[in-house]
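All remarks here apply to the structure that follows.
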Amino acid sequence: MLSFLSSNLSSTRQSLAQVLNFALVLSTAFMLWKGLSVFTASSSPIVVVLSGSMEPAFQRGDLLFLWNRSPRAELGEIVVYNVRGKDIPIVHRVVRTFPEVEGKAKKVKEITGTSSIPPNMLLTKGDNNVADDTELYAKNQDFLHREEDIVGSVRGYMPMVGYVTIMLSEHPWLKTVLLGIMGLMVILQREQ
């Protein structure tokens, strides 16, 4: 009877240790993500290219690393932005900037009482697209505001690494298969 209680207590401890290890892995991943977000000043410091609109620069499935600490976006820079009201990151190149001229700064000072310059305004386009992105922007929006709409500027990439996330979102049954394989591995590992 005592050996039964001892083995039962031991298996409970092992189960609890596995749960705590899993929680540790999840919390570590979350903290790394948040730390990277703070370091890059981007809400999403890593994104996956979802379409072929930026070919040949980036292919579908490429993993992009973003940086959002620059106060202005330059002509030709590749940026990631979210359309207002939608949470789909779009990766396109800045094809036109609307720099604030001195007259605008004076007008802003007259209206607001401060001489702060309005945000950098941008027009973007995919390298593989015929037209600019004005049709993709929110209703009544003709350009992007650097501070409001831009998630970050592309600073690096890893080819095809993000294709796994595309496959998992396009084929939901793959998630089930993957979870089943991981569960089977946990069960088999426990028996040893």
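Even glycines carry a Cβ here, placed using N, Cα and C.
Going by Swiss-Prot, these are the annotated features:
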ACT_SITE  Ser53  active site, charge relay system
ACT_SITE  His92  active site, charge relay system
ACT_SITE  Asp133  active site, charge relay system
REGION    177-188  region 'C-terminal short (CTS) helix'
TOPO_DOM  1-18  topological domain 'Cytoplasmic'
TOPO_DOM  40-192  topological domain 'Lumenal'
TRANSMEM  19-39  transmembrane segment
In three-state DSSP terms, the structure that Ser53 (active site, charge relay system) belongs to: coil
Helix, strand and coil totals (DSSP H, G, I; E, B; other) for the region 'C-terminal short (CTS) helix' (177-188): 12 helix, 0 strand, 0 coil
In the chain carrying Asp133 (active site, charge relay system), residues 6 or more apart in sequence that have Cβ under 8 angstroms from it: Ile90, His92, Leu123, Thr124, Lys125, Gly126
Structural state of His92 (active site, charge relay system), classified by DSSP into three states: strand
Tertiary contacts of the region 'C-terminal short (CTS) helix' (177-188), as residues 6+ beyond its ends and Cβ separation under 8 Å: 18, 168
DSSP state at Asp133 (active site, charge relay system), helix/strand/coil: helix
Cβ packing number for Ser53 (active site, charge relay system), 10 Å threshold: 20
